[in-house]
Amino acid sequence: MAQEPILTARGLVKRYGRVTALDHADFDLYPGEILAVIGDNGAGKSSMIKAISGAITPDEGEIRLEGQVINFRSPMEARSAGIETVYQNLALSPALSIADNMFLGREIRKPGIMGSLFRKLDRAEMEKRARAKLSELGLMTIQNINQAVETLSGGQRQGVAVARAAAFGSKVVIMDEPTAALGVKESRRVLELILDVRSRGLPIVLISHNMPHVFEVADRIHIHRLGKRLCVINPKEHTMSDAVAFMTGAKEPPREALAA
Amino acid sequence: MGEPNAAAQPSQEFEKVLVNSSTQVASFDTHDKTPIQKIQHFLHSTPAAVPFIVLVAAILIFGLTIGGKFFSSYTLTLILQQIAIVGILGAAQTLVILTAGIDLSIGVIMVLSAVIMGNSAVTYGLPAPIAIFLGFLVGGACGFLNGFLVSRVKLPPFIVTLGTWYIIMATNFIYSANATIREADVTAVTQMLHVFGVSFKIGSAVFTLGVVMMVVLVLGLWYALNHTAWGRHLYAVGDDPEAAKLSGIRTGRVLLSAYTLAGLIAALAAWVSIGRNGSISPSAAVTDYNLQAITAAVIGGISLFGGRGSILGTLIGAMIVGVVSMGLNMLGADPQWKVFLTGVLIITAVAIDQWIRKVAG
């Protein structure tokens with residue numbers, strides 16, 4: 001590919017006691033693409049994603065965002081660098097409102113003395129922006145943006161989490177199993193959202209076990225096996241059974257797809 | 001739901017049938033609600049409503065059975081004076097309970113702070129502002145210790161504060177040799193320690209500065225909890241700590257601040273208690289102030305599982321206990337009935353809390 005990758009990782013190692021979760025794993029994400037990451041349970045997908053999103057710090061290896069070496073010590077640092085993650089458990093606070101959740105950890109304060117001295121939140125502004133973002137993503141059947149998240153359905157919550165990531169992610173959006181807990185219709189809606197986010201030019205890392213979903217939306221598929229990148233395949237050139245066979249070690253991947 | 005576009009057409013074979021399916025799935029509002037569900041939703045969004053209704057009902061019941069003597073502004077403001085200490089401690093307790101924690105040491109922190117304030121002023125002859133500052137310093141330090149053990153050493157709050165309850169209580173008795181500081185001795189040195197006992201009248205209603213302090217404190221905390229990022233983070237941490245952390249909240253700091261602030265508020269309660277009681281007695285450490293504070297919070301609708309409830313509820317919860325105890329007193333009932341009723345109220349409050357939470361399901 002002629003383009004420079006926006007996010008790369010080289011030789012990531014992460015050990016938990018005697019377990020090696022990441023064994024010199026590599027990773028490349030190009031601008032504007034949807035990269036699916038698949039792998040068996042325990043292959044180290046989650047550890048790799050957590051390393052990129054700042055939730056864990058790798059023991060060895062190097063991560064570069066737009067060519068700059070980065071060392072995230074917390075998800076907050078990754079977020080301020082423009083990498084947003086939609087976690088499998090969504091990381092929403094059930095009792096707080098949709099607007100409060102979207103701005104959790106980066107609240108907007110009122111201008112002037114009310115904001116600087118009394119630290120008063122600018123609710124109106126946060127609600128306005130949350131509403132704008134949700135309607136931009138076609139989620140605007142919300143009647144009440146102050147509704148507690150726990151009163152929403154699974155798909156609606158996913159929608160809020162995706163909208164939050166899309167609203168603040170300036171460089172990369174990572175989605176961990178976004179359709180795992182959803183029904184057929186709600187999954188469809190979330191896949192549309194993912195394509196929607198890509199059409200805004202944001203590259204997406206999609207972690208999923210759902211092969212049909214992966215093959216439908218991904219531009220490239222990163223197959224993780226035994227703590228490292230086994231290969232990267234083009235979904236148009238391989239079948240789902242190929243991918244599963246590579247992933248489980250039942251079949252050797254083609255030489256040209258093998259990671260360098 | 002947005003308009004279906006070309007990209008949105010189902011592309012999996014089994015999804016073809018979706019085209020004809022109902023499109024209501026993503027609408028964010030549930031439709032027809034029964035009146036009961038409407039009440040449930042209202043209570044869910046207004047957590048202080050239940051205790052408020054109970055308070056009004058309690059005042060009405062006692063007012064009707066006892067008559068004008070109970071309804072007088074004198075009696076009603078006397079209740080406020082009686083609950084000032086527990087109300088302030090309840091506010092401190094609320095901060096901790098909202099983080100899904102509990103502070104069993106809050107009562108003894110108050111007593112130790114009071115003893116420090118009194119000893120510093122009377123025995124050591126320090127100026128009153130410094131004596132009061134030292135009381136706050138000790139209260140804050142005790143709270144910080146709790147917060148440190150909970151947030152950094154990651155011990156369960158119940159265990160931490162059970163331990164510090166005993167440690168602080170023993171420290172209090174060892175340090176003070178269980179010697180009471182008499183009111184006259186305090187008055188001889190300074191008026192400042194008794195400032196919250198100062199009362200003023202509006203008609204026949206009698207307010208003390210301690211009561212005013214309680215109300216101001218609760219309103220201040222209500223503002224901080226609902227209109228600042230810190231308050232939202234406190235709720236988020238109590239609601240789901242993992243989600244809060246992934247959202248970028250420094251959960252450790254939030255916990256540390258909640259316990260430390262609770263310790264400082266306990267020191268404030270100590271100052272108010274000196275004003276109310278006159279003398280300073282280390283043996284007050286055996287009073288179950290911590291449980292009374294928890295009771296006020298729970299009756300006020302603060303969920304012990306964290307993240308839910310309004311601090312205004314705690315104030316109302318303390319008032320409910322005050323009203324019931326005053327009412328039963330005036331009826332000449334055995335004081336144990338007050339204890340009995342408090343128990344019933346606690347269980348009822350938690351049962352209602354569980355029911356309201358089902359709205360989420």
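Along the chain as shown, the residues are counted starting at 1.
Backbone N, Cα and C atoms are what each Cβ position is placed from, and that goes for glycine too.
TrEMBL annotations: computationally assigned, not manually curated.
Taken from TrEMBL as is:
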- B:48-71: transmembrane segment (TRANSMEM)
- B:83-116: transmembrane segment (TRANSMEM)
- B:128-150: transmembrane segment (TRANSMEM)
- B:157-175: transmembrane segment (TRANSMEM)
- B:202-225: transmembrane segment (TRANSMEM)
- B:254-274: transmembrane segment (TRANSMEM)
- B:312-331: transmembrane segment (TRANSMEM)
- B:337-356: transmembrane segment (TRANSMEM)
The transmembrane segment (B:157-175): which same-chain residues, six or more beyond its ends, come within Cβ distance under 8 Å? 96, 101-109, 111-112, 115, 142, 145-146, 149-150, 282, 285-286, 290
Below 8 angstroms Cβ to Cβ, which residues of this chain, lying six or more residues outside the transmembrane segment (B:254-274), approach it? 84-85, 88-89, 91-93, 95-96, 98-99, 101, 103, 106-107, 109-114, 117-118, 132, 135-136, 138-144, 146-148, 150-152, 186, 193-197, 210, 213-214, 217, 230, 233-234, 237, 244, 280, 284
In the same chain, residues at least 6 away from the ends of the transmembrane segment (B:312-331) whose Cβ sits under 8 Å of its Cβ atoms read 47-48, 50-52, 54-55, 58-59, 61-62, 65-66, 69-70, 75, 78-80, 82-83, 86-87, 90-91, 93-94, 214-215, 218, 222, 292, 295-302, 337-338, 341-342, 345, 349
Which sequence-distant residues neighbour the transmembrane segment (B:202-225)? Criterion: at least 6 residues beyond either end, Cβ under 8 Å. 72-74, 76-78, 80-81, 83-85, 87-88, 91, 94-95, 98, 195-196, 231, 234-235, 265, 268, 272, 275-276, 310-312, 314-315
